[in-house]
Amino acid sequence: MTQRKIIHIDCDCFYAAIEMRDEPELAGKPLAVGGSAERRGVIATCNYEARAYGVRSAMSSRHALKLCPDLTIVKPRMEAYKEASREIHTIFRDYTDLIEPLSLDEAFLDVSDAGHFSGSATRIAQDIRRRVSNQLHITVSAGVAPNKFLAKIASDWKKPNGLFVITPDQVEDFVASLPVTKLHGVGKVTADKLGRLGIVDCADLRGRSKLALVREFGSFGERLWSLAHGIDDRPVQNDSRRQSVSVENTYDTDLPDLAACLEKLPALLETLGNRMARMEGQYRPGKPFVKVKFHDFTQTTLEQSGAGRDLGSYEQLLAQAFARGAKPVRLLGIGVRLHDLRAAHEQLELFSQ
């Protein structure tokens, strides 16, 4: 089997970088992109000058200004960011068609069969970084590795504006020293449970059998075992089929109780219906879900198999989700999981051959 060559590209503070490029007087000063503090806005991203003060994405703009009183907050210009992302992807396509976008500013590339630079993934990554810098006047960080799990870790290793390569013969030693918190899918709860078992890094994980990990963590235990051994067979998928469709709204004033939340549902449901109508014939709607973010930024999502997608069904889901926190609400969202009709059609064609 041919050794895979995967590149993970991650733009450095992308939205903020575009703003500093287009408004040079913003460069070198603490800058964030997000909503205004007066309208209960949230930080989408910030530059490294702002991060030095502790400002982070998903933080309320009001709190960010407390940490950094000189912080400049600008409104997002999504069309500018989308255009920059399109330009970057045009560069990607000069090297491979196997591109898996994760967001506007992040993507995996499989260059295993690329002929550029005699097939050197490292030189391809260097050239992509050079071209993005020259054409868009922003920087990107890149990670090169034999799989997606390691390529993503590598791109973060020398941020910002860095390149880090993990060759196949380095995988064993590199992964052994990785803390379990670096593993894809390991959040605080799983990390705490691993810690109680005396598992701090991947070397510790390797000391446990696959069966023992499955007993402790269910099917995710098998995934943990694979990652601890540097194994990740997930392909780079350039299929943009959707998993769900949703709509959400952050309110200027907290919704104080369930009744106030329920009043907002009809408008959300109307918008959701319009979005679903645009996808008719491509997807079959599945489970409905609701998302509630409380005033203290804790949030919960609830979905239910077999439930309808009418107002009454969403009201029941919202009531259950609200009860989990029973606090004032700053954001409400509703949505539907989707089943791809094109995939089902392709399967029928396959079995009919």
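Yeah, the Cβs are placed from backbone N, Cα and C, and that goes for glycine too.
Feature list (source: Swiss-Prot):
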DOMAIN    6-187  domain 'UmuC'
BINDING   D10, D105  Mg(2+) binding site
SITE      Y15  site 'Substrate discrimination'
ACT_SITE  E106  active site
Worksheet entry | Predicted model, mean pLDDT over the domain 'UmuC' (6-187) | 94
Item to complete: Could you tally the C-beta atoms, other than its own, that fall within 10 angstroms of the C-beta of Y15 (site 'Substrate discrimination')?
Response: 26
Worksheet entry | Number of other Cβ atoms within 10 Å of the Cβ of D105 (Mg(2+) binding site) across all protein chains | 22
Worksheet item: Sorted by position, what residues of the same chain at least six away from D10 (Mg(2+) binding site) have a C-beta under 8 A from it?
Response: D105, E106, V140, S141, A142, G143, S155, D156, K159
